[in-house]
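Enquirer: Below: one structure in structure tokens.
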Amino acid sequence: MDKGPSGSCETDDEPQSQAPEGLPPIDKSFTLNRDSFKRTVPMLAVGLVCNNQTKQTCAKLHPYFPSYIRIPKLTYTYHDAEQRMRKLMLIEQGMTETDNAKLVEKLESLEVDVRLSPCTLLSAANEGIPPDGHASSTGNACVMEGSATTDKMDKPSVVQGPPILTPDQLKDVQSPGALLLQVTYDNFNFEQVLKEILPGHVVPVTGFTTMGHIAHFNLRPDALPYRHVIGQVAIDKVANIRTVIHKAANIASDFRTFEMDLMAGEPNYITSVCENQLVYHLDVSKVYWNSRLGTEHARVVKDLGNCRSTDSGSVDSNFTCPPGRVVVYDVFAGVGPFAIPAARRGCRVFANDLNPSSFEWLMRNIKENSSSKRRLDNVTCYNLDGREFIRKVVLPHYWGSMERTLTNTSFDCSSVLRYVVIMNLPALAPDFLDAFVRPHLTDESLTCGRCISESSMTPINADGSDGHCENGKQAHNTGLPLDFYCYCFVRRKTESEETIKRRIAVALGYADQPELLFNRRADGSEMAVDSWSFRFVRNVAPFKDMFCAQFRLTLVRPEKVSKYSDCSDQLHSNFKKPKLCD
């Protein structure tokens, strides 16, 4: 995928590149004026009693706390007339006299020391601040939005007004009372700035994701003409952000990449992301990454250690499956958010992705997350189409394990207890299940990396018993089913769990009688789906959600099985590691 054109709002006359096809042009007349945020805001320094109720009182006063950022807390403490220790706290005044009256009533009901007279400061020797404050007849007036407060009086007022302080001078406040706080652009957060500068018809912009130094927005159409300013505000207000991008078009490629528009910042799309104590390097312009799936990645990897009951098929969280006895087939691995943590746990992992760039970064991330104590030599990578990976790698390896089981007379205590298939391609994953029933197996097989060790090629029953017991004989005859984590999208109001079940039934060859597939006993004589669960993952769009269909698939052993072999030298001979930028 080509990198999107650049856009900036540094100067009005800076040449702007043409917007990507489908995006409205940038409104060049719309600029960011940081000086317009300079103003004074009326505040109250109030005294809270220091006792066991202070935390509860603060919670009740939370709606009145200053809404600005980088405002230091007041540190002064004093004793009132009853010798109770109080500490000062800053409260933002209301915009009208009615609001202020309600505020004072609220404060007094909480036994807060509130005074409307000007607060007192340290001596005049401290940074030259006059102890009697600043004379102004408009000291308690409402804030004039968008401009700094100025003294419009032709002659000095005889009325003493509240002192005007910068945030750094709040440490000089020594008593309860009124004051005027000077704030600037630096004291407004991202949402506050956009709420103030964007036109009224634009829906508030709040949500975005971060990937290292990159911020990724999915803007609504009404905000697109102002995306250059939105990007600049993000660079100003979001820590460590140097590049801001917008998805210019929906994901339409086989590689799950999208056309990008550079909203602001530098066109550097190579970044590093830390997730669940692992670091992933990637080029967001060439590979897929979703920062909002970190919790899901951790959940699935943790669940890999839970074995399933041989009889009922349900997950038994009390029976821990050693990671070394779990095989994971990651059909759409991307840069490795499932595969690498699973390998770190000790699982034997086969990871595949069709995107050559994803494959390269996957290999790089495996190396970067390896250590002398945890060498990730138990993961093998492939650059194949998902169906080809299933037909030429997953099924040959899986049935090879079953074949070895059928020819062995005893069971190894270190053999496989669970086979897991992860299919994280929500738009199409259920449809790829057809590769499990129409494998078109031949004597040829395509693999890469080391062959799996003999100990992990031999499955046994879930309770760890050997082949001489009754349960061992059952496992010997039927083998272990495949445990699936199949991700999918569901459109609200028009689709449901039953929609996904029908898609799975169609893919597995049961379009006419899907109930047979899901209600049949899994005894190995016919294909069966059991242990079904349908779990919500996250909201994707206002009309679409992401779900995970978890189930066990029992396959009927084919008459002819491809062999799993090693051709790593052939597949990786021309592999080049991607270069990381600083």
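Cβ atoms here come from the backbone N, Cα and C positions, even for glycine.
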Enquirer: Where TrEMBL shows HIS297, ASP353, LEU354, ASP385, GLY386 binding S-adenosyl-L-methionine, which of ASN268, ASN306, ASN369, ASN424 is named for the same site?
Expert: ASN424
Enquirer: If you measure every Cα to Cα pair among HIS297, ASP353, LEU354, ASP385, GLY386, ASN424, the residues listed for S-adenosyl-L-methionine, what is the largest value in Å?
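Expert: Of all Cα pairs among the recorded S-adenosyl-L-methionine binders, the widest measures 22 Å.
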Enquirer: Under 8 Å between C-beta atoms and at least six apart in sequence, can you list the same-chain neighbours of ASP353 (S-adenosyl-L-methionine binding site), or say none if there are none?
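Expert: Listed in sequence order, they are PHE332, ALA333, GLY334, PHE359, LEU362, TYR382, ASN383.
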Enquirer: Return the residues near GLY386 (S-adenosyl-L-methionine binding site), defined as same-chain residues 6+ apart in sequence whose C-beta is under 8 angstroms from its C-beta, sorted by sequence, else 'none'.
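Expert: Result: VAL331, PHE332, ASN352, LEU354, MET423, LEU425, PHE432, ALA435.
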Enquirer: Excluding near sequence neighbours, so keeping only residues 6 or more apart in the same chain, what lies with its CB under 8 A of ASP385 (S-adenosyl-L-methionine binding site)?
Expert: LEU354
Enquirer: Per DSSP, to which secondary structure element type does LEU354 (S-adenosyl-L-methionine binding site) belong, with helix, strand and coil as the options?
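Expert: Note: LEU354 (S-adenosyl-L-methionine binding site) is coil by DSSP, not helix or strand.
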